[in-house]
Amino acid sequence: MTANEFILALDQGTTSSRAIVFDRAGTVRGMGQREFRQHYPRPGWVEHDAGEIWQSQLEVAREALRNAGASAADLAALGITNQRETTLIWERATGRPLARAIVWQDRRTAAMCEKLLHDGHGRMLQERTGLVVDAYFSGTKLAWLLDHVPGARKMAERGELAFGTVDTWLVWQLTGGAVHSTDPSNASRTMLFDLHAQDWSDDILALLNIPRGILPRIAPSSARIGETLPEWLGGSIPIAGVAGDQQAATFGQACFTPGMAKNTYGTGCFMLMNVGDAPVASRHNLLSTVGWSLPAGNATHATYMVEGGVFMAGAAVQWLRDGLGIIQRSADIEALAASVADTDDVFMVPAFAGLGAPHWDPYARGTLVGMTRGTTRAHIARATLESIALQSAELLSCMNADSGIPLSELRVDGGAARNDLLMQMQADLLGVPVVRPRVPESTALGAAGLAGLAVGFWSSLDEFGAQWQAERTFEPAWPADVREARMQRWRQAVELSKGWSRPAAGHA
């Protein structure tokens, strides 16, 4: 085995830590995965143990190397991708976390966000950061930690405290505290980062009463930022790529030109579209975010995305399984849905937790409409599957409108992307090809790609992109009038779901 033959990607997710060894062809050569504990100390609170994140990530990195038959000497570089927005603080001198990490799903700062909106800061925050004001993002989580963890604010003011998202925490640990760094894709999810200035916003830091000194420096997503301590993985490895998970997946899917987009089908769906070298202000309350930044001579060049999310995708299928008992396993839905030719005009709006973009109605609730005595469990299964494709098509239409760039094709990944019927539905509703890649590990591959570019493992974006291959392409079969009629019927069903749980006398 020759030196510098592989790239190691660390993929630190919400429920598990993973590590994957890739070769130059983008093929998986070894993998490790460990789940870790979720903490729910109060309703709406979600926490992770920072030490467990680090230990689980270190264990799976060693496991991936063993499974690949590789050592640190065989690695050209290491890349990191991570669950975004999750917020940590630790003592600079010791690396000791002062509290558990507040996870992106955690809602404890919802009231703080409502106050920011009530006080008239919403427009400024959205214009600067590209984000809607929400407890989802790191800024209010960090403010909460400084105000509620004993001694945290005084330590921050004395310069003794460090803040980071999960990527920053892992880099700190891997380098023994030598590097306190993040990248623009993660920084742009904090609600503290000015998209236009490509730096932390002093105005927002003042608004949230956060000392700038606790923030990490911002390095390009593809750049050699430090080296691992030899004791961790048996040798010193350059850390050369960092990106948030959804942006890394977009990079791994080689969506390098404006108009290219990917959709990750999981519990929910995450859609990102490349909009080029300037941020796009959404008219549909989609998020504007940095995809990645690459060195360009003495400067860096950022690529921007618009992002939309579907709350309930695979989760709606799980409800059919666990709530209704219509299927025994989630995988059973494809055969059941395929046993009927269509939904017989049945629509399922899976607004179990409200509706996200472009509707943003927290009072909407799950709705099944169009049923007759002839409706069967197969029709309901097909309508549920189709709801995933309908929601995604609606969001991608908004992305087209915001960006002014027509979608050329949709690249897909995630567990539900293996469902051939769903992928065909998606192509029919979009009117463009839906393409599933040969390598399904898009997120980790993106981190590997960013790291590999920084050290010359791949010489260019074109060379890295050339290893991307389609496993299957789903071509649209519906004419435009059929597609539009289906979308119009869907919009009718969505309107019926809105406002249902509003705590007022009447319903919307």
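Each residue, glycine too, has its Cβ placed from N, Cα and C.
Taken verbatim from Swiss-Prot:
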- Thr14, Arg18, Thr267, Gly314, Gly415, Asn419: ADP binding site (BINDING)
- Thr14, Arg84, Glu85, Tyr136, Asp245: sn-glycerol 3-phosphate binding site (BINDING)
- Thr14, Thr15, Ser16, Thr267, Gly314, Gln318, Gly415: ATP binding site (BINDING)
- Arg84, Glu85, Tyr136, Asp245, Gln246: glycerol binding site (BINDING)
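Sequence features annotated in Swiss-Prot and their locations in the structure.
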residue : record                               : DSSP (3 states)
Thr14   : ADP binding site                     : coil
Arg84   : sn-glycerol 3-phosphate binding site : coil
Tyr136  : sn-glycerol 3-phosphate binding site : coil
Gln246  : glycerol binding site                : helix
Gly314  : ADP binding site                     : helix
Gly415  : ADP binding site                     : helix
TODO: Return the residue, from the listed binding-site residues Thr14, Thr15, Gln246, Thr267, Gln318, with the maximum count of other C-beta atoms within 10 angstroms of its C-beta.
DONE: Gln246
- [ ] Would you list, in sequence order, the residues of this chain other than Thr14, Arg84, Glu85, Tyr136, Asp245 that have their CB within 8 A of the centroid of the site's CB atoms, where the site is the one recorded for sn-glycerol 3-phosphate?
- [x] Gln83, Thr86, Val103, Trp104, Arg189, Gly244, Gln246
Task: Span of the glycerol site, taken as the largest CA to CA distance across Arg84, Glu85, Tyr136, Asp245, Gln246 (Å, rounded to a whole number) - done: 15
Open item on the list: Are there binding-site residues among Thr15, Arg84, Thr267, Gln318 that sit within 10 Å of Gln246 (glycerol binding site), Cα to Cα? If so, list them; otherwise say none.
Closed with: Arg84
Task: Candidates Thr15, Arg84, Glu85, Tyr136 (binding-site residues) - the one closest to Asn419 (ADP binding site) by CA - done: Thr15
- [ ] Measure the Cβ-based neighbour count of Asn419 (ADP binding site), defined as the other Cβ atoms within 10 Å of its Cβ.
- [x] 21
TODO: Work through the binding-site residues one by one (Thr14, Ser16, Thr267, Gly415) and name whichever has its CA nearest to the CA of Tyr136 (sn-glycerol 3-phosphate binding site).
DONE: Thr14
Open item on the list: Centre the Cβ atoms of Arg84, Glu85, Tyr136, Asp245, Gln246, go out 8 Å, and tell me which other residues of that chain have a Cβ in range of the glycerol site.
Closed with: Gln83, Thr86, Trp104, Arg189, Gly244
